[in-house]
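Report on the structure given below.
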Amino acid sequence: MESGNHTEISEFLLLGLSEDPQLQPFLFGVFLSMYLVTMLGNLLIILAISSDSHLHTPMYFFLSNLSFVDICFISTTVLTMLVNIQTQNKNISYRGCLTQMYFFMVFGGMDNCLLTVMAYDRFVAICHPLHYMVIMNPRFCGLLVLMSWVIIFCISLFHILLMVQLTFCIGTEIPHFFCELAQVLKLACSDTFINDISLYVVTTLLCVFPLTGILFSYSQIVSSLMRMASTEERYKAFSTCGSHLSTVSLFYGTGLGVYFSSAVTRSSQRSSIASVMYTIVTPMLNPFIYSLRNKDVKRALGRLLRQAASCL
């Protein structure tokens, strides 16, 4: 095979969640509703935090970044699926597939990084409260987010550069509703050994290190809480971690669920249905988790909605 001819196709075929024509309108309505709820919820979180000076703290700075990433994350996959259902055309161009894979890895990786940074923020707030504002100063918080973006951008670009070296055969069908890296690698006609090794190494690093950081932070938090004399002080301190713990459990729980479902069953359709949990359901539920469990966010949202209503 000639080195300059790396691909013999111009597009892929996304099979989606179901090939039943009668089920397509229902799927379109469900996923459009979930997408709009996610957009509205996360936009309200961002607007509430930016408009309320009481929420201009490191914790809410990271939360607003998480909401922005969740908006981009769900848009990367759902918009393509909605267009394909509406137009009844499941084709996606080769470049479009690579672009979708790139941004999916970027925003999925950023979710990991931000949840880890937020755990560190809670660790400093509870274990070192007197030095909190000194350690978590605006410059340091901005640097943490910037470093996360740079690292994830570079890792995702590395995967895409490896991907363009592969050859794909004509008539390639992807048994998924978006171009997932692992699924696309299975369809390559050329050797994917380097790609597979890189995928396993990077996935392990992006899962093990962030999760280890989160577990270490909470082990220190629990240790610090146990040294507090008052039960009320313990509850008040730990209550600030409740929303973050719920989000971490949802994100990693659904992610591991997808991994184990893929390992246990060979059904690609079941795997793609399981993927809905962490690609769509998790970004949709995050605003509810943070707004329902957080009095400051609820007050800011109420103030924002009253201001919007007074302008009508």
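Placed from the backbone N, Cα and C atoms, the Cβ positions cover glycine too.
Sequence-distant contacts of the transmembrane segment (26-49) (same chain, six or more residues past either end, CB-CB distance under 8 Å): 16-18, 55-56, 60-61, 63-64, 67-68, 70-71, 74-75, 78-79, 81-82, 85-86, 280-281, 283-284, 286-288, 290-291, 297, 300-301, 303-304. The transmembrane segment feature in TrEMBL is assigned to 26-49 (among others).
Taken from TrEMBL, the feature domain 'G-protein coupled receptors family 1 profile' covers 41-290.
Remote same-chain partners of the transmembrane segment (61-82), defined as residues 6 or more beyond its termini with a Cβ less than 8 Å from a stretch Cβ, comprise 14, 16, 28, 31-32, 34-35, 38-39, 42-43, 45-46, 49-50, 92, 96, 100, 103-104, 107-108, 110-111, 114-115, 117-118, 121, 138, 141, 145, 177-178, 247, 279-280, 282-284, 286-287, 290. The annotation transmembrane segment is assigned in TrEMBL to 61-82 (among others).
Non-local neighbours of the transmembrane segment (102-120) in the same chain are 59, 62-63, 65-66, 69-70, 72-73, 76-77, 144-145, 148-149, 151-153, 155-157, 159-160, 178-181, 206-207, 209-210, 213-214, 217-218, 244, 247-248, 251; each lies 6+ residues outside the stretch with a CB under 8 Å from one of its CB atoms. Per TrEMBL, transmembrane segment is recorded for 102-120 (among others).
If you look up TrEMBL, you'll see 140-162 (among others) marked as transmembrane segment.
Long-range Cβ contacts of the transmembrane segment (197-216) within its own chain (Cβ-Cβ under 8 Å, at least 6 residues beyond either end) map to 109, 112-113, 115-116, 119-120, 155, 158-159, 162, 181-182, 185, 248, 252, 255. The transmembrane segment annotation in TrEMBL covers 197-216 (among others).
Same-chain neighbours of the transmembrane segment (237-260): 59, 66, 111, 115, 118-119, 122, 125-126, 207, 211, 214, 218, 221, 224-225, 228, 271, 274-275, 277-278, 281-282, 285-286, 289-290, 293-294, counting only residues six or more beyond its ends whose CB sits under 8 Å from a CB of the stretch. Feature annotation from TrEMBL assigns transmembrane segment to 237-260 (among others).
Feature annotation from TrEMBL assigns transmembrane segment to 272-292 (among others).
Panel annotation: around the transmembrane segment (140-162), residues 58, 61-62, 65, 98, 101-103, 105-106, 109-110, 113-114, 117, 181, 194-195, 198-199, 202, 206 of the same chain, lying at least six beyond its termini, place a Cβ under 8 Å from a Cβ of the stretch. Confidence over the domain 'G-protein coupled receptors family 1 profile' (41-290), given as mean pLDDT on the 0 to 100 scale, stands at 88.
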